[in-house]
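Notes follow once the structure below has been shown.
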Amino acid sequence: MMLRLVSCTLCLLLFSQLSLWCVLATSAELDGEVQIEVLFKPEECTQKSKRGDLMNVHYDGFLAQDGSQFYCSRSDKAGHPQWFVLGVGQVIKGLDKGMEDMCPGEKRKITIPSALAFGATGKDPVPPNATVVFEVEVYSVSRGPRSMEAFGQMDVDRDRSLTKAEVKAYLKVEYEKSGKPRDDPFYEKIMADIFRKSDQDSDGLISAKEYNIYEHDEL
Ligand SMILES: [Ca+2]
Ligand SMILES: [Ca+2]
């Protein structure tokens, strides 16, 4: 409960700094491009994010027109940072684009025109044709699970499908490589996210076909 209060106070602080974002949004709308402002970049950067990477990120979303907040991953649901695969349509296009080449620990303010966000129809509570602004903070970047190379490494029994045990073993190795081993609940959370998004037929396995479903998606 306390954590949640702190989270929302953080969101409110962000909320108070929005007037500058509105200026940025106006120019973004003119050229229809994603605008990126780097707020913080760590000196050490061992791994920059690229398409197919598994990202762990906190992000807060605001409407450019009046600065009102429509999404806060710090208070939404369990309040934990969100897991998603970059560049494959698990987040809006503007975030898939705007979060490329990010280092773990980096913070960005990303202004996204409606065409690369929620479009002409909007998505409640985002109105139609709305430019949105996201403040993102990256906690971790790890390779895969979308590269075919990663699939091969994960599928240790070579049956062309991934069990939870196979994916988990892979993630553990990846995190230990980066010097940040985690506890079991941490991996369980990632696994739940990955399987919810990838195991289309809910049989508890990610088949090669399910794994490849985004392979030819273009932004
Ligand atoms: Ca397998
Ligand atoms: Ca499946």
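Even glycines carry a Cβ here, placed using N, Cα and C.
As recorded in TrEMBL:
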DOMAIN    52-142  domain 'PPIase FKBP-type'
DOMAIN    142-177  domain 'EF-hand'
DOMAIN    186-219  domain 'EF-hand'
SIGNAL    1-28  signal peptide
Long-range neighbours of the domain 'EF-hand' (142-177), counting only residues six or more past its ends (CB under 8 A): 47, 51-54, 85, 88, 187, 190-191, 194-195, 198, 204-208, 211-212, 214-215
Composition by DSSP (helix, strand, coil) of residues within the domain 'PPIase FKBP-type' (52-142): 9 helix, 38 strand, 44 coil
